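Database features, via TrEMBL:
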- 1-307: domain 'K+ potassium transporter integral membrane' (DOMAIN)
- 320-570: domain 'K+ potassium transporter C-terminal' (DOMAIN)
- 12-32: transmembrane segment (TRANSMEM)
- 60-79: transmembrane segment (TRANSMEM)
- 86-111: transmembrane segment (TRANSMEM)
- 131-158: transmembrane segment (TRANSMEM)
- 179-201: transmembrane segment (TRANSMEM)
- 213-233: transmembrane segment (TRANSMEM)
- 240-265: transmembrane segment (TRANSMEM)
- 271-291: transmembrane segment (TRANSMEM)
- 303-326: transmembrane segment (TRANSMEM)
- 346-364: transmembrane segment (TRANSMEM)
Amino acid sequence: MQHYGTDKVGWLFAPIVLLWFILIGSVGAVNIHKYNNSVLKAYNPIYIYRFFRRRWNYDIWTSLGGVMLSITGTEALFADLCHFPVLAIQIAFTLIVFPCLLLAYTGQAAYIISHKKHVADAFYRSIPDAIYWPAFVIATAAAIVASQATISATYSIIKQALALGCFPRVKIVHTSKKFLGQIYIPDINWVLLVLCIAVTAGFKNQSQIGNAYGTAVVIVMLVTTFLMVPIMLLVWKSHWVLVVTFIVLSLMVEVPYFVACILKIDQGGWVPLVIATAFFLIMYVWHFCTVKRYEFEMHSKVSMAWILGLGPSLGLVRVPGIGFVYTELASGVPHIFSHFITNLPAIHSVVVFVCVKYLPVYTVPTEERFLVRRIGPKNFHMFRCVARYGYKDLHKRDEDFEKMLFDCVLFFVRLESMMEGYSDSDEFSVPELGAGGPPTSSASAFLQGEKTCSTMCSNGELSLSSQDSIVPAQSPPLRGMTGSSLLTRCSEGQASSVGDELEFLNRCKDAGVVHILGNTIVRARRDSGVVKKLAVDYMYAFMRRMCRENSVIFNVPHESLLNVGQIYYI
């Protein structure tokens, strides 16, 4: 049910969990009142000291591992900060979770004092007979949905690892318009299912599962405490006295629990360590190879001087058609382009470098989606386009993307020609076209066409960069010209060149569109060690085959897809 989203799942699961907490809190309060209310003295910390002083031995120390289980699970609330507001988590923990847990465990202690033989199943035996079966149903339902906090927290962790380049690409489904962090990852959901079944079937008894759970939680607490040190020093700029006080007080509580859980590693505590080690290897290998590949692509970008030195034909045979070259670089010409034209001395008459970026917003309006600019002189017919999508925008596999992109290139060419005719200081307004009257029909139609096309692409990057394009020369000022003479000059001086280029672009589009994808394969050098070869040539290669391909992410139609591969040795 996770694919319905945290909101909908929460509305369904929250009443069950709320009813569960109210039930155990009420039963605990009744048992305290009925059997022994002196058990409330246990809230006094002095009894911790007396407990260890009276019976100091190995069994007493390891019993802290069982005590640890009474607080496990509550920390998962705070791992869901991406899914819920901070205030909601604080209210839920302070007013419901914490007091109900205190009442439940204190009530069981009061019952055990009067019924010492019922230690093994004190919870169900402490429930009054009148509500036993309703409590059994609620407990079963709560056990099913209690892992929701951990599941949603796992999604958040995987998403953050993806953003840092530390985890293979997986499909992320955003389920909320309001909260960016409310996501669903199908692959991770199935992995959690398999791991849960494997752990449950593999352990021999419930105590081993408890030992594994306690070990995982106490290590998480220790790691969080140590990670708080750089946060307090570097981000919050806290005084060193406050940092030391925090560390000392936290470790006084966590270290005893940690030692108690470590003593039970051979009784099930090894499982989370093995799983953590496996995920660490996956994340380290993926991050190492990804960084190396990205550095190679950044350092191997083709310079504009090299492009300009090739001339308008790029030293190749320019075949009719449009080539969309997909790249992760938002600037510069990717190395895969030079690799392609070096080995296959032919390229399409029009080349568009497409960079698809997903922004942390719900949706990007259609009129702001594409940013287009020219690369090199006009006769090179090379453009760059950055296509921006929100996390709920669908990059569909159809001709709409090609059509919208092509229309934006046409609009860019027309608007670029208009900008060539005027300097930034020239004043121009629509009323000047008709000497105080309405604009002429031809000017009206032209402007209306530009307005219509402007709804499909953004002019936010129409300023020409000296790096990617040739800055056009300024024309003489046009003040004082009448509307008819202005239109005449525009039509005579620019219409021919612009019309020729627009006609050329349309002919290329009719000839066909090809999507070119780069595929950089990372391999270990021949003189590398055995460990590095296993990690790069087998482990990383396997993960690359298992994760989502670029053609799937970009929704490129396979009938017009051309994959260009190259090998990079590290």
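Glycine is treated like the rest: Cβ placed from N, Cα and C.
With a cut-off of 8 Å between Cβ atoms, the residues of this chain six or more beyond the transmembrane segment (12-32) that come close are 1, 39-40, 96-97, 99-108, 110-111, 126-128, 131, 135, 138-139, 141-142, 145-146, 148.
With a cut-off of 8 Å between Cβ atoms, the residues of this chain six or more beyond the transmembrane segment (303-326) that come close are 333-334, 336-338, 341, 345-356, 375-377, 379-380, 382, 402, 405-406, 467-468, 505, 507-509, 511-518, 550, 554, 556. Residues 61-65, 67-68, 211, 214-215, 218-219, 221-222, 225, 228-229, 232-233, 273 of the same chain, all 6+ positions outside the transmembrane segment (240-265), place their C-beta atoms under 8 angstroms from a C-beta of that stretch. The transmembrane segment (213-233) shares the most Cβ pairs under 8 Å with 271-291, out of the stretches 86-111, 131-158, 271-291. Sequence-distant contacts of the transmembrane segment (86-111) (same chain, at least 6 residues past either end, Cβ-Cβ under 8 Å): 18, 21-22, 24-32, 34-37, 39-40, 42, 70-71, 74, 77-78, 80, 118, 122-123, 125-126. When pLDDT values are averaged over the domain 'K+ potassium transporter C-terminal' (320-570), the model yields 68.
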